[in-house]
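Listed in TrEMBL:
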COMPBIAS  194-205  compositional bias 'Low complexity'
DOMAIN    1-399  domain 'Major facilitator superfamily (MFS) profile'
REGION    179-210  region 'Disordered'
TRANSMEM  35-55  transmembrane segment
TRANSMEM  67-83  transmembrane segment
TRANSMEM  89-113  transmembrane segment
TRANSMEM  125-144  transmembrane segment
TRANSMEM  156-176  transmembrane segment
TRANSMEM  222-242  transmembrane segment
TRANSMEM  262-282  transmembrane segment
TRANSMEM  289-306  transmembrane segment
TRANSMEM  312-332  transmembrane segment
TRANSMEM  344-364  transmembrane segment
TRANSMEM  376-395  transmembrane segment
Amino acid sequence: MYVYPMDFLPACIDDAKLLPTYTGLQLGEYYKADYTTVSLVFLSPFIGYAIAALGNNWIHDRFGQRGIALIGSGLHIISYLAATSHPAYPVLIAVFIVSGLGNGILDASWNAWIGAMHNSSQLMGILHAFYGLGAALAPITATYLITDCDWEWYEFYYAMAIVAGIEFLTSVAAFWSSTGSKSKDSDACTEGTLSSDSSDNLMSSTPTRKPTLESLRIPSTWVISLFLFIYVGAEVTVGGWVFTFLVDLRNVPLSTAGFVSFSYWGGLTVGRVCLGFLTPFFNRQRLAVLLYLGCCIFLHITFCIVHDLRLLVLSVTLLGFFLGPLYPEAVIAQAKLLPKSLHVAAVGFACALGSAGGSVFPFITGAIAKGYGINVLQPIVLVMLVLCLVLWLVLPEKREHSRRQASPV
């Protein structure tokens, strides 16, 4: 299991929305570009995720987990090394698309595999905790290297390339024996354990020629995908704009606002680990998610109405804490509702929409805030959290047919 955090660490750093930090400012100065133009770099990984959603299942079937590790990690190395050459701006956008493609390939495959395991809540919590850890540390690290060590923005990607190199070596070594043929054999064995009394699983007894299209015919795929689209949008919007909100609207000192932003991502990281171990103790794990969402809505309202600094820090930290497990639990729910032959395709599609939400919603919030003020952050995030609650309530339910098992590596 050691390889999964190593795979997610560069992905989470890559996705960690550095635009509101000094990194984004220096990028704009280097290319003489305004905020909107610079933001294209941070929106571009979604294109890579979308391409990955279309090709994930083919790569998994053809090359197995070894192919996933080789291609996904290899694309990380290529894109980071290309970024160190500080290419022309259109080329830089293409580089970030390649990076997003690598993220999408790894994201879908490892989420689908771990989501179908026994004790998946705990394992997914640990996996996604590294995403929160990277999101918390990346802006601080990048800003420190650029401001205190006089690095240029593109030199930060030398460090990223080193991390990606370690990722490549560990993941390829771990999955070298997992070829496409072994992956198919494992899927066939697992599908054989599923009962056929559910309409969603009627297709599981035979190979699916077009898994992506098949998965899109199932309502639960769309519900989970829309849930992740809005959830990731809310998660990243809060993390990306809480600093500006506190400084501009609440007149909080810069250092304190930076600490609050860090505490949000820290709370999210801790929540994914702690609540990942707590959730299985609920008789119905879906009920646990409803409880977490209710806490998020309450804490966000608290954040909106209080002005005491201590309560602000506490509410933002706990908001991150209860937001943390929602992504892993959504992937686990999707794994329960679909036959294993569709896991990679469906999770890949959901991850692509999640990436879109994480890119589009912060961008839209910033655009609206430019005209109406940063106070629009409050109602926008509240509406998004309520929509997540509604989507979770309408998610189809079905009996779990078999105990979740891990396919052999």
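Cβ atoms are placed via backbone N, Cα and C, with glycine included.
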Given the transmembrane segment (67-83), its same-chain partners at Cβ distance under 8 Å and 6+ residues beyond its ends are 3, 7, 10-11, 14, 59-60, 91-92, 95-96, 98-99, 101-103, 105-106, 109-110, 154, 157-158, 160-161, 164-165, 167-168, 171-172, 174-175, 179-180
Lying 6 or more residues past either end of the transmembrane segment (222-242) yet within Cβ distance under 8 Å of it, the residues of that chain are 17, 19-20, 135, 216, 257, 260-261, 264-265, 268, 316, 319-320, 323, 326-327, 330-331, 333-334, 337, 346, 349-351, 353-362, 365-366, 369, 374, 377, 380-381, 384-385, 387-388, 391-392, 394-396
Looking at 35-55, 262-282, 289-306, 312-332, 344-364, which one has the highest count of Cβ pairs under 8 angstroms to the transmembrane segment (89-113)? 35-55
Are the transmembrane segment (289-306) and the transmembrane segment (35-55) close enough to be called in contact, which here means at least 3 C-beta pairs under 8 A that are separated by 6 or more residues? no
Overall pLDDT for the domain 'Major facilitator superfamily (MFS) profile' (1-399), taken as the rounded mean: 81
